[in-house]
Structure formats: C-alpha cells, structure tokens
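The region 'Domain I, interacts with DnaA modulators' annotation in TrEMBL covers 1-101. As annotated by TrEMBL, region 'Domain III, AAA+ region' applies to 132-348. Look at TrEMBL and you will find 165-293 tagged as domain 'AAA+ ATPase'. Annotation source TrEMBL lists ATP binding site at Gly176, Gly178, Lys179, Thr180. The region 'Domain IV, binds dsDNA' feature in TrEMBL is assigned to 349-472. As annotated by TrEMBL, domain 'Chromosomal replication initiator DnaA C-terminal' applies to 377-446.
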Amino acid sequence: MPNEHELTPTDETLAKAWRHVLDQADKNSRAWLKSSHPLTVHETIVLIAVPSEFARERLESRQRSEIEQALSDFFHRSMRMAVTVQPDLELDLQPPDPPAAPKVTPTELTRREAAPVVTSTAPAVERPDVDRLNPKYTFDNFVIGDSNRFAHAAAAAVAESPGKAYNPLLIYGDSGLGKTHLLHAIGHYVRDYFEDARVKYVSTEELTNDFINAISENRTTAFRRTYRDVDVLLIDDIQFLESKIQTQEEFFHTFNTLHNAQKQIVMTSDRHPKALEALEPRLRSRFEWGLITDVQPPDLETRIAILKRKAASERLLLPPEVLEFIGSRIQTNIRELEGALIRVTAFASLNRQDVDLNLTEVVLKDLIPTGPEAEVTASTIIQETAKYFGIGIDDLIGTSRTQTLVTARQIAMYLCRELTDLSLPKIGQEFGGKDHTTVMHADRKVRQLMRERRSVYNQVTELTNNIKQSGH
Ligand SMILES: Nc1ncnc2c1ncn2[C@@H]1O[C@H](COP(=O)(O)OP(=O)(O)OP(=O)(O)O)[C@@H](O)[C@H]1O
C-alpha cells in the first residue's frame, strides 16, 4: 500500500491501484475495465482513459461507485474518478480469442470475460454472418440527442441483457433516422461481449425471399433452423411483412419460438405497428408485448454533432461554420446530411482546396432545390441515368460488365441510396434483382470515385440536377 501522504503516486503505484480495482470488480465489470486504463492521479482524482464514449457512459453510470470505493480502499482516502475518451486506445488492444466450442450454455448467454471494445478499427475474429453488419454502425458512432435518446437507451439495454430487458424491442420512425444503425449496433455489441452469441440480422425482404425459396425448394426445416437457432434476431423494415400472408404466418411461429425461449427479437419499422394495417392482428399484438419506441428527426445541434462525428471518422477537416451551414440546410434525413458531406469534401479534394463556407455554398446549391422538393423514385433515377449516358434501361439494370455500363449502374445505385428512402435490398431489386451487397459496393465505389475523378463528380452533379428537375 502506498504511503498515506503520497499525493502524487508514481506510475507503478497507479498500476497497482488499478490492479486492485480489477481484483475487486466482478466478472462483468472487469471486461469493461480491461479496455480502460488509468492515466494519472491529481490529488484525489484518478483520470481514467477509455476507448469510446459508450464505455465512458457505462463506467460513469454503472461502475463509478465500485471503482471509487476500490480506489479509496487502496489510497486510504476518499478518491474520485474522472473519465476521458481516447479512441486510439482500442488500437492497442488485442482482438478477443476465437469463440471456444462447444457452447457454454444453450439458453443463458455468458459475457466474455475480457472482451475489448471492438469496432471497425479493431476487427473481431471472423464469425459467420458477421459481414452482414456494417462495421460503422456501432454504439460508439451513434450520436445521442433528444430525438433518439430513448431509442438509444432501449437498444443499449437490450444489447446488455438480450432476452431480458425488453422483448421484443421495436424501433420505428421515418427513413434515414438511425433505425438500422441501432439494430446493427445491438448486433455488434452482443457479438463482442457475449461468448458464442448467435446473432442474425436480416431485412424483411430477405426474410420473405428466403422463405419463398425454402418452400419452393422443400427446405423449410433448414429455413426454420436458420431463424430459430439464434440468441438475437434483428429484423429490419418489418413493414414489408404487410400483406405477405404466408411469411407472416411463418414469422408468427418463429417469433413465438424465440420469445418462449427468451431469445431477443429486435425489429424496425417505418410506422407504429398500429398503423401496419395489413398485418395480422395476432402478430401486431405480439409486437406490442415488449417496448415500442420511435426516432424523430434530429434537432440542429444533433445534426451538427452527427456531421462532426462523420467528418472525424473519415478523417476530414471541416471548419465549424461549414458543419453548421450543412446542418442548417439539410433538416430531416441523416443520410442526406452524409450525402452533402461526401459531396462537399469530394469537391474540395478534386480542387485541392480546403473546405470553406464559399465552396460549401456552391456545392449545396446544386444539391438542394430552391422550390418544393419533388419525390424522387428509383425509376426516375434509372430513366434519367440511362438517358444521360445514352444507354438502354435494360442495359443499365442488366448484368453486362463493360466499363461504361458498370460506372453508370453504380452511379444510379449511389443516387438511389442518396436521393430515395429505399433500402439496399429494394434498390437491388430495382436493378434486376441484384444482391444488396452489390448496391453497398456501388455506394462505396462512387463515393471514392467522386473524390478522385472530376468526370465522375460532374456526372453525379449533373445527373442529380436532371433528376430533381424531371420531377417538377
Ligand atoms: N444518431 C446518429 N448518429 C450517427 N449517425 C447516424 C445517426 N442516426 C443516423 N445516422 C446515420 O444516418 C444514416 C442513415 O441511418 P439508417 O440507415 O440507420 O436509417 P434508417 O432509419 O434505418 O432508415 P431506413 O428506414 O431508410 O433504412 C446511416 O449512415 C447512419 O449511420
């Protein structure tokens, strides 16, 4: 134990103090503490570094008293902790060991003892289905504001205690407000913190297609196993179950099986279940068993915070007045906010110019129509793109891999992502039944090309204008 009068302990003392905190902590708390570490002591305050905002909240809200108690025990005086976020910390951490087989218990999930916070910068070991979760959609990357505070808290509670907190959890709200992001964040969290947890993420369109294929190929038993042998089932855009009578019936049984076994079900929808009129009443009533929460459009402050976070994660430098300008011009859809950020930075990068207010105004003038906004559909985008590139619609949505067609197709897919509310699988369908990963790839590719090639940037800008004007 240190000398009682020692007010500035050495690093070694601090390390010992931290070991004492770890020894005192129970198994769950220890997993969190191992991804944190003490930086310094100033008088009675110990400064602790954690890798993420989420870890900070967890330490401050759940573990403060036990940590301060252990520190006070060690130093023989009343100690307090202060927590700071150091995102680089996670780079120093080792990925967790591959999950050990066999599974510990089939029903109770067991927390990993020392799982570090794993995000896109510290990828976990390959696990089946893992690629279906977008690595950027984590709790760490989710900005909390009044518009989504409750939904975030509910998602975090479910991720911490799958099957126990609220079951099912249903998050609803308009397009582009972060529902899918929260769904993936739950998936990442459960995979990272529970041993051998089986998480399945699926869009309702995929669920329906899977079911139809299973019936036609006589594979319904395998289909059931895929959806029922899981600990957490995440289903996006449940509104697409409306009027799919047979899939509803099948899902009803899947739901009951999972719910009875205390397996977690999380769903998103564009409406409150009461407004899903073409849904079987017994299914609708089950959706109301757990917790239903909405996400609202973010206020200006949250929009700016989201832009700031996105810019930082892409390592982009934007002055505050630019973030404020973009945030004040684009008010409802967060996907559009991101779209604006991508275009502004692509334009600056092409011109080897810094991003400033002038440049931002010029770029956004093209993006935001002055008159009332017309609804843009996928078919308008496809028609206008085909016309612009002088190619046939069949070729645009076909499978030919000639360079011109590939680029035109990717641009059209990117624009569907940016300018419409359509989900990835739905966009894939509009392009002759392509997989949602093809759309995801196109989206990424065009973002990159816009930065690198002026021709592509100009094509995207001109096409956007054509598309927006064609609606008036
Ligand atoms: N609070 C937030 N913090 C950071 N990013 C956010 C937040 N909310 C949404 N986003 C981002 O906005 C984009 C759109 O969000 P998301 O796809 O989750 O919307 P959605 O509500 O599921 O929309 P849809 O119903 O159209 O699928 C994503 O890139 C997501 O990361």
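Any Cβ shown, glycine's included, is placed from N, Cα and C.
Those TrEMBL annotations? Automatic predictions, nothing curated.
Everything TrEMBL records as a feature, shown here on the structure.
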residue : record           : contacts (Cβ under 8 Å, 6+ apart)
Gly176  : ATP binding site : Thr332, Asn333, Ile334, Arg335, Glu336, Asp421
Gly178  : ATP binding site : Phe142, Asn148, Ala151, Val295, Ile334
Lys179  : ATP binding site : Ala151, Ile171, Tyr172, Gly173, Asp236, Thr268, Val295
Thr180  : ATP binding site : Asn134, Tyr137, Asp236, Thr268
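Under DSSP, residues within the region 'Domain IV, binds dsDNA' (349-472) fall into helix, strand and coil as 87 helix, 0 strand, 37 coil. Note: the ATP site is recorded as Gly176, Gly178, Lys179, Thr180; in the same chain, Gly173, Ser175, Leu177, His181, Leu182, Thr268, Val295, Ile334 also have Cβ atoms within 8 Å of that site's Cβ centroid. The average pLDDT the prediction assigns to the region 'Domain III, AAA+ region' (132-348) is 93. Across the domain 'AAA+ ATPase' (165-293), DSSP classifies residues as 67 helix, 25 strand, 37 coil.
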